[in-house]
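The structure appears right after this line, and notes come after that.
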Amino acid sequence: MLNTLMLREWLRSMLRSCISKIFGDLMLISHISLSDKITLLTYGCNFKCKYCFFKPLSCKKYSVDEILNKILEVNENYKLDKILIAGGEPTLQNDLSELTKLLKDEGFYLMLSTNGYYLKDMLDKLEVDEIHIDLKAYDENKHIYLTSCSNKKVLDCISYIGKYRDEFNFKVEIDTVLIPNIVDLDEIEKIAKFLSNWDLPYRITGYVKYNNNLNAEKPDEDKILKAKEIALKYLSNVSCSLDFKRHKKSKKVII
């Protein structure tokens, strides 16, 4: 298992290096959507999550200046002041930090949604207001089963942010999808215990069946509330998908 993981890490590193060399100052963008905020979805991910719902069929290559101009053009009709950068996995984009700087200079409130795998190495360069890290599982074997990737770098990144939290100028939240019989109540408790070292904000979202890659069903409301109750034994700030709808209905803009 160790040799296999090392090979995977090497291949991922080589792939990321190749992407950087090929695209240079270009970013791969699928589309943007608009509701109470602009959501910019980047293309590509280093994880292969079994329950991933984001399967774009195409993307385009844009420089950060072109992306900024497109956002400003589209936003003329909406006058929104918040932008969520998600994916895919945004941290695969070579010029993410440059894009965040340009958007902040325009006065936008920036949120980044990431799996946290490559995040630690770019924390000092990003100019964002919020970072949401999706921790799939605390147990490494479960994480590998769900994503085909180890969670060691993700846990290390969360630990680093927790330790130096007061030195960063962004809010942070850790998110987990509650998946019955896989990432169940016992796993939620392990994650909550881990996060309690720094009392990081935690959000639990109920799994929604998108494909047949997981032998799992949507958790009922009682289970979601129980998961929240368990997490609150260790953390002061816990929310769940029953508390409010985070994503309002949006209009897709293909760019």
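Even glycines carry a Cβ here, placed using N, Cα and C.
Record features, source Swiss-Prot:
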type: DOMAIN; residues: 30-245; note: domain 'Radical SAM core'
type: BINDING; residues: Cys45, Cys49, Cys52; note: [4Fe-4S] cluster binding site
type: BINDING; residues: Tyr51, Cys52, Phe53, Gly88, Asp134, Leu135, Lys136; note: S-adenosyl-L-methionine binding site
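With respect to their backbone Cα atoms, Leu135 (S-adenosyl-L-methionine binding site) and Cys52 ([4Fe-4S] cluster binding site) stand 14 Å from each other.
For Gly88 (S-adenosyl-L-methionine binding site), the nearest neighbour among the binding-site residues Cys45, Cys49, Cys52, judged by Cα separation, is Cys45. The Cβ of Cys49 ([4Fe-4S] cluster binding site) lies under 8 Å from the Cβ of Lys136, Leu146, Thr147, each of which sits 6+ residues away along the same chain. In the predicted model, the domain 'Radical SAM core' (30-245) shows an average pLDDT of 92. Taking the C-alpha positions, the distance from Asp134 (S-adenosyl-L-methionine binding site) to Cys52 ([4Fe-4S] cluster binding site) comes to 12 Å. Among the record's S-adenosyl-L-methionine binders, Tyr51, Cys52, Phe53, Gly88, Asp134, Leu135, Lys136, no two C-alpha atoms are more than 16 Å apart, and one pair sits at exactly that spread.
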